[in-house]
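Engineer: Copying in the features that TrEMBL gives for the protein in this structure:
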ACT_SITE  HIS146  active site, proton acceptor
BINDING   46-65, 128-131, 237-239, 263-265, CYS281  NAD(+) binding site
BINDING   TYR90, ARG93  substrate binding site
BINDING   CYS154, CYS157, CYS195, CYS200  Zn(2+) binding site
DOMAIN    21-295  domain 'Deacetylase sirtuin-type'
Amino acid sequence: KNNLDYIQHNILSHGSCALQMAVAHRNLAAFREIFSKAKNIAIITGAGVSAESGVPTFRGAGGFWRKWQAQDLATPEAFSRNPSRVWEFYHYRREVMLTKNPNPAHLAIAESEERLGKQGRTVTVITQNIDELHRRAGSKNILELHGSLFRTRCLTCGHEAANYNSPVCAALKGKGAPDPETDDAQIPVQQLPRCEQTGCHGLLRPAVVWFGETLDSDILTRSEKVLDSCDLCLVVGTSSVVHPAAMFAPQVAARGVPVAEFNMEDTPATMRFKFHFQGPCGTTLPPALARHETEPN
Ligand SMILES: [Zn+2]
């Protein structure tokens, strides 16, 4: 069977268009057969899903905010050195999200959760994305491994809360421009977002997981539980060999549970898993998750 996968993979990579179509179709039909019987589906999503909505990651070539990339600013050290600059960065990212929308991949996931829910089946999203596009698409069961742009946590009392204010505080209004020539706003720390719990007034930080920080143990435990009980796992917009899917997908596959990747990548490592659909997930995912003929109308 591994040999057959390998041959299919080579045909997909190097074969004629007609053969590619034939194999891709057979793969999709086989996936759909398993999908139609799955009771608990885990969907791990990564940066690729957000990228298809035009959400900048500030990583890799050209991924700069002013002179910096995410790994320079998304750290506890950067925040303690210059909380004003880091808040400008996150304020900008929050404001950018007002101009972005869920794409067909987000919508297909949300639609399948609602539809399968009525059949007593579950769909859970485990995402590394912090932009809340899954929530905006209508997904309900979401585990945000890296937190959210739209949550804050108090450095003094630890209180965490949703925060959709725009701007996040008065002093950040009009700040956060990404051009390299922009000067730091140098906002006094008292005017940065502050805790509103009675008598606290501590400095708030974005409730996202920064480089060098560990994942929230409660979210991690709940994710493990979902993955231990799923009978189908999708890896979307990321690879099952990179974080965070690399933590999860291999253990799911080891249980003999089918894992299907939907991404732009073409790496031999994907052959450890049962299905791989290459291309933009906004294109490949909707037909994969659409109503199966065996589902009730
Ligand atoms: Zn507080």
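Yeah, the Cβs are placed from backbone N, Cα and C, and that goes for glycine too.
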Engineer: Work through the binding-site residues one by one (TYR90, ARG93, CYS154, CYS157, CYS200) and name whichever has its CA nearest to the CA of SER50 (NAD(+) binding site).
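Structural biologist: Sorting the binding-site residues by distance from SER50 (NAD(+) binding site), the top entry is ARG93.
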Engineer: Measure from the Cβ of SER50 (NAD(+) binding site) and count the other Cβ atoms within 10 Å, all protein chains considered.
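Structural biologist: There are 26 of them.
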Engineer: Please list, in sequence order, those binding-site residues from GLY46, SER50, TYR90, CYS157, GLY237 with the Cβ less than 6 Å from ligand 1.
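Structural biologist: What lies within reach of ligand 1, judged by Cβ under 6 Å, is CYS157.
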Engineer: I need the CA-to-CA distance for PHE58 (NAD(+) binding site) versus CYS154 (Zn(2+) binding site), whole Å please.
Structural biologist: 25
Engineer: Tell me the Cα distance separating CYS157 (Zn(2+) binding site) from GLY62 (NAD(+) binding site), rounded to the nearest angstrom.
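Structural biologist: So the alpha carbons of GLY62 (NAD(+) binding site) and CYS157 (Zn(2+) binding site) sit roughly 38 Å from each other.
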Engineer: Just give me the nearest neighbour of HIS146 (active site, proton acceptor) among the binding-site residues ARG93, CYS195, MET264, Cα to Cα.
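Structural biologist: Going through ARG93, CYS195, MET264 one by one, the closest to HIS146 (active site, proton acceptor) is ARG93.
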